[in-house]
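What Swiss-Prot says about this one:
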type    : residues                   : note
DOMAIN  : 15-66                      : domain 'Rubredoxin-like'
BINDING : Cys20, Cys23, Cys53, Cys56 : Fe cation binding site
Amino acid sequence: MSERPPEKTLAELASPNHECRACGYVYIPSQGDQKTSVSPGTPFEALPLNWKCPVCGAPRNYFISTGETDAPSGFAENLNYGFGFNRMSGGKKNLLIFGSLFVIFLFFLSLYGMG
């Protein structure tokens with residue numbers, strides 16, 4: 001029997017962002033680059049070889065992959081389960097969790113002030 005290759009998550013399938021090591025500029029493929037007229041949806045690998053960082057002018061080899069930040073972290077078949085939290089990216093989930101904890105903390109602090 002032949003083994004199936006492991007299934008990739010949506011974050012692994014999405015085109016990764018790349019960050020300039022010289023200045024910190026982040027190339028996001030879904031936004032493209034308006035300064036050098038690179039259309040949205042262009043992956044980093046498809047950029048012209050002479051493309052440079054629009055902020056500091058560093059060449060392409062100064063960029064490192066930082067992964068996709070806006071993609072959901074799970075598998076496609078699991079996105080419809082739950083209350084919609086599976087469609088959120090990791091950063092949005094963190095904001096929701098820690099924001100809720102902060103609101104609960106403020107609630108208990110207000111109870112302390114009442115008594």
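Cβ coordinates are placed from backbone N, Cα and C, and glycine is handled just like the others.
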| task | List the same-chain residues at least 6 positions away in sequence whose Cβ sits under 8 Å from the Cβ of Cys23 (Fe cation binding site), in sequence order, or say none. | result | Cys53, Val55, Cys56, Ala58
| request: Quick one: of Cys20, Cys53, Cys56, which of the binding-site residues has the smallest count of other CB atoms within 10 A? | output: Cys56
| note | Over the domain 'Rubredoxin-like' (15-66) the mean pLDDT stands at 89
| task | Please list, for the domain 'Rubredoxin-like' (15-66), how many residues fall into helix, strand and coil according to DSSP. | result | 6 helix, 14 strand, 32 coil
